[in-house]
Amino acid sequence: MTLVVGLGNIGEQYAQTRHNVGFMLIDLLLKDLEVAKLSNTKFKGELFKSSLAFFLKPSTYMNLSGESVKAVSDFYKCDRIIVIHDDIDLNLGTLKFKIGGSSGGHNGLKSIDNLCGNAYERVRIGVGKDQDVISHVLGKFKQEEQESLNKVLEQAKKALFELLKSNIEQVASKYSIRN
């Protein structure tokens with residue numbers, strides 16, 4: 001079974017921040033699926049199951065996301081992990097896909113890499129870069145950024161549904177957005 005993980009931070013103060021685009025995409029996906037909500041304490045996150053995959057929003061805060069991913073992956077013996085995350089090295093509105101590689105300094109990916117290895121698939125959503133990286137990723141999207149955000153999330157949603165039935169190379173060639 002496939003595990004789709006959206007990275008983000010829990011708490012209302014982090015809702016709609018750049019670091020939470022993974023959570024945002026999971027929420028969009030769940031709106032279009034029939035899902036059962038599973039235990040959240042055992043897996044340190046909100047876990048949902050559909051006929052296509054498990055969907056996880058870790059509740060460990062970003063730096064410990066790997067604990068939640070490992071708990072679900074080990075318990076359900078997931079043979080495929082797809083992680084959705086923000087990427088400051090990509091311009092706002094950019095959408096890219098890859099397998100493995102470095103964390104690029106992303107603490108959520110570092111945590112997953114440390115506990116699960118790095119051979120998982122990644123859906124990278126560009127949020128742009130600022131001199132103060134922490135304030136930038138923990139900042140909310142500006143009004144003028146909403147159109148780009150909505151566009152990339154809709155494209156990523158279509159890509160994810162296809163990715164669950166296909167491979168990342170095919171999806172990348174069809175759905176990547178370069179900004």
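Glycine is treated like the rest: Cβ placed from N, Cα and C.
Secondary structure from DSSP puts H19 (active site, proton acceptor) in a helix. For H19 (active site, proton acceptor), the same-chain residues lying six or more positions away in sequence with a CB closer than 8 A to its CB are L7, G8, N9, M62, D86, V127, V137, L138. Swiss-Prot lists H19 with the feature active site, proton acceptor.
Residues or ranges marked as tRNA binding site by Swiss-Prot on the basis of sequence analysis: Y14, Y61, N63, N107. Around N107 (tRNA binding site), the same-chain residues at least 6 positions away in sequence with a Cβ under 8 Å from its Cβ are M62, N63.
Counted within 10 Å of its Cβ, the other Cβ atoms near N9 (site 'Discriminates between blocked and unblocked aminoacyl-tRNA') come to 22, all protein chains included. If you look up Swiss-Prot, you'll see N9 marked as site 'Discriminates between blocked and unblocked aminoacyl-tRNA', on the strength of sequence analysis.
According to its DSSP assignment, D86 (site 'Stabilizes the basic form of H active site to accept a proton') is in a strand. Residues annotated as site 'Stabilizes the basic form of H active site to accept a proton' in Swiss-Prot, with sequence analysis given as evidence: D86.
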Just how many other Cβ atoms lie inside 10 Å of the Cβ on N63 (tRNA binding site)?
12
Ranked by the number of other Cβ atoms within 10 Å of their own Cβ, which of the binding-site residues Y14, Y61 ranks first?
Y14
Taking 8 Å from the centroid of the Cβ atoms of Y14, Y61, N63, N107 as the cut-off, which other residues in that chain fall inside it around the tRNA site?
N9, H19, T60, M62, L64, S65, G108
